[in-house]
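Quick notes on the structure that follows.
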Amino acid sequence: MALAATMVLASVLGTANAYAEDKPVALIVSQGGLGDQSYNDLAYTGFERALKDTGIEGKPVESKEVVSQATEILRRASDADFGLIVDLEYAHGEPMLEVAKDYPDTKYVILNQVREGANIASVLFQEQEGSYLAGTLAALVTTDTSIKGINPKPVIGVIGGTKSAGIDKFIAGFIQGAKAANPDVMVKVAYSNTFGDPAVGLQMAKAMIEEGADVIYHVAGGTGMGVIQAAKEAGVYAIGVDTDQDGIAPGNVLTSMVKHTDIAVEKVMKDYAADKFPGGQTISLGLKENGVGLSEMKYTKELIPAPILEKVETAKQDILSGKVKVWNVVDQGYPDFMK
Amino acid sequence: MSAVASSARAAPGIGWRDIALAIAPLVLALIVAAVVLGIAGHNPLEVYWLLLKESFGGTKRVAATVAASTPLILTGLATAVAFRTGVFNVGVEGSLLVGGLAAAFVGFTYVDLPAALLLPLALGAAVVAGTLWMLVPAVLKARLDVDEVVTTLMLNFIAVSFTAWLVNGPLLAPGSANSATPMVVEAARLPKLMPPSTLNAGFLIAVALLVLYWLWGRGTALGLETRLAGLNPRFAIASGINVPMLIVKMMLLSGAIGGLAGGIQALGTVNRFVVGFSPGYGFTGIAVALLGRGSAIGIFLAALLFGALATSGATIQLFSDVPIEIVNILQGTVMIFAVARFSWLLKNRRGGK
C-alpha cells in the first residue's frame, strides 16, 4: 500500500518535473556507419549541432548488425528512456512501426519514407525543387559552346535507377526546370533498373553522349558512379545526387543535387527540444528550409559564365517566392510532359 | 585454479586443460582490449561490466543475445561440418545469402498458401539454394582437388553481388528506393518465442541441429568416416572410405545448413531480404567453429559469446561513450586468438596429403 502510494506520488512528481525534452536523444546510424563521408556523417553533423544548441544529451548508435537487430536496438533505446530516436537506416521503417506502437511516450523520426503513427515524424525532401535547379543549369549549359566539352546540340539526359514515383519525382523536376530555361532543349530519359551497377550506368551514359547529350543527371545510386565515369571519359558533364559528388570526378561533375540530411536531423531535434515535435506528421524539406539544393560547385564554378549562374539563382528565388511551382510526382501524379 | 582442477577431476572426459585452452582466446582478447580501452581513456572493468549487463542482464537482454546467436550457431555448425572432413569451407556466407534470398522470395511470392505449407516451403527453398551454391566447389574439390578455400571464398563475393543485383532489380519491392524485397507475409514468419523479442523458433531449430550433430559425431558410421577423412585422408582411403564422395556430401551438408541459417534470418528476424542482410555471419561462423573446437557445446558457447558482443556492443553506446570500434576490436581479437588454432588445422590438412 505504502509502495503503491509512493509510486503514485513519484509518477505525479515525474509528470510535473520531467519535461519530454529533458530525455536524451539516440541517433541510429545506418549501414556504412560513421566515417562514410556521406549520408551518415552529414546527418551526424546536424545531430551534434542540435545537441550543442539545445543542451540535450544524446548518443549515436552504430552496429554492423543494424539491419537484423532493428527492433532490438529500437526497443532497447526506448526501454532505456530515450525521449527521441532519430533513425537513419532506411530498412528500419517497418520495425519502427512495430516498436513505436509499444512506446507511445517515445518519439521516433524516420527519413525518406512516410510511416504512420502519432509518435512518428517522417521526413521527406522536396527533391523535385533541387532537381528543377539542376535542370535549369543543365539546359543553360548545354547550348553554351564556350564551355569546355559542350556541343551545340540542345540535348541533355537523365538516368533513373528504377521507374517509380519516388525516382520520377526527381526526373519530372529536372525536365520542368530544363524546359523552363529553354523550351527547345531535349531531355533524354532512361532507367537503369538497378541502383548498384556502375557498368550499366556507364553504358547508358555513353549511349546518351553519342546522341549528343553533354550534361547527364543521374538518380541511380551506385549505378550513377558509371554515369560520372562516362562523363569523365568523354570530357562532358554529369550531375550528382543525394550528397555532394562533385569531388568524384572534379571538373566533370557539373553540380550535385544535395539532400541536407544534417538540416533534417537538426530541425526535428530542435522541434523536440522546443516541445513542438511533429508527431504523426510528414515534414517536407525543400529549398526554403535548405533541405535540398545544388552543391557549391567547387570545381566547376569557374567554368560556367556568370549569367548562367545568375539565371539559376533567379530560378531559385522564383521557387522560394512561390512564383514557380515545381511538380511533385509523388503527391500530384504524372505531369503532362511525362505521360 | 584448484577449484577448476578438482571439478575437472570429478568429471573425467573434459579435462581442465581443454577448458583452459577453450577460454584462453577470450581471456587473451579481454586483456588486449583492456589495454586498448585504457589507452582510449575508458575504465576496462566498467566497460566489461556494462557489456555483461547489456548481454545477460535480464530476460530481455538474454533474449536479444540468444536471438543474435542463432545465425552464428548455424554458420558455426555449417563450418564445423566441413572442417571435420578436412575441408576448409569458407563459403558459408554465400550459402547464407542465397538461402536468405530464396526463403524471402517464397515468403513474399506464394502469399496464398497456409503457414503450415508456406513456412516449410520457404525454409526448404533456403536449404536447397544453400546446397546448390556449394555444389560447384564441392565437385571441384572432390574430383579435381581444386583448393576449396579459393573457390568458396570467391563464391562469397559472387553471392554478395548476385543477391544485391536481384534486390536492386527483378526482386526490388515496388516503389522502394531501397534495395530490398517486399516483406514476407505473416504466414511465412517463424513464430516468436518471447515476444516482443526477435528470438524465434529458428533458435530451437539451431539447437536441435546441434544435438543431432553431437549424436551423429558420436554414434554413426558417417560421423566416424568424416573424422577419419579429416584426420588422415590417405588412411581413410586405405580403409575403403570413398573420400571424394564424402567430401561432396559434407560440403553440400555445410551449404544446406548455411542456407538454412539465411532462411531463418529472413523468416525469423529481418522478414525480407535487404542489402546488408548479413554482417558477415558466415565469416563469424568460422571463428565460432574454431573457438568451439568443432564440438557441439563449444559451438553453442562460442556463438553465444559473439551474439552477446553483437547485441551489447550496439546498446552500450546508449549508456557510454565507448564507440563500436572498441567492441569490434574485442571481437576481432577473440577471432584472431581463436583462429590461432588455424595453423594447427592447416598443418593437419597438408600433412595428410
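Just so you know, glycine gets a Cβ as well, placed from its N, Cα and C.
TrEMBL has this to say about the protein:
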{"type": "TRANSMEM", "residues": "B:21-42", "note": "transmembrane segment"}
{"type": "TRANSMEM", "residues": "B:62-83", "note": "transmembrane segment"}
{"type": "TRANSMEM", "residues": "B:90-111", "note": "transmembrane segment"}
{"type": "TRANSMEM", "residues": "B:117-140", "note": "transmembrane segment"}
{"type": "TRANSMEM", "residues": "B:152-173", "note": "transmembrane segment"}
{"type": "TRANSMEM", "residues": "B:193-215", "note": "transmembrane segment"}
{"type": "TRANSMEM", "residues": "B:235-261", "note": "transmembrane segment"}
{"type": "TRANSMEM", "residues": "B:273-292", "note": "transmembrane segment"}
{"type": "TRANSMEM", "residues": "B:299-320", "note": "transmembrane segment"}
{"type": "TRANSMEM", "residues": "B:326-346", "note": "transmembrane segment"}
Tertiary contacts of the transmembrane segment (B:235-261), as residues 6+ beyond its ends and Cβ separation under 8 Å: 71, 74-75, 77-79, 81-82, 84-87, 89, 91-96, 98-99, 102, 123, 126-135, 137-139, 141-143, 148, 205, 209, 222, 225-226, 228-229, 281-282, 285
Residue numbers, six or more beyond the limits of the transmembrane segment (B:62-83), whose CB comes under 8 Å of its CB atoms: 55-56, 89-90, 92-93, 95-96, 193-194, 197-200, 202-203, 206-207, 209-210, 213, 230, 250-251, 253-258, 260-261, 264-265, 268-269, 278, 281-282, 284-286, 288-289, 292, 294, 299-300, 302-304, 306-308, 310-312, 345
Contact ranking winner - B:21-42, B:193-215, B:273-292, B:299-320 against the transmembrane segment (B:90-111), Cβ under 8 Å: B:273-292
Distant-in-sequence neighbours of the transmembrane segment (B:299-320), which means Cβ under 8 A and at least six residues beyond its ends: 26, 42, 46-47, 50-56, 61, 64-70, 72-73, 76-77, 80, 207, 210, 279, 284, 287-289, 291-292, 327-328, 330-331, 334, 338
For the transmembrane segment (B:193-215), sequence-distant contacts whose Cβ falls under 8 Å of one of its Cβ atoms, 6 or more beyond its ends: 59-60, 63-64, 66-67, 69-70, 73-74, 77, 80-81, 257, 260, 264-265, 267-269, 295-297, 299-300
Interface present between the transmembrane segment (B:21-42) and the transmembrane segment (B:152-173) (three or more C-beta pairs under 8 A): no
Intrachain residues whose Cβ lies under 8 Å of the transmembrane segment (B:21-42), provided they are six or more past its termini: 48, 291-293, 298, 305, 320-322, 326, 329-330, 333-334, 336-338, 340
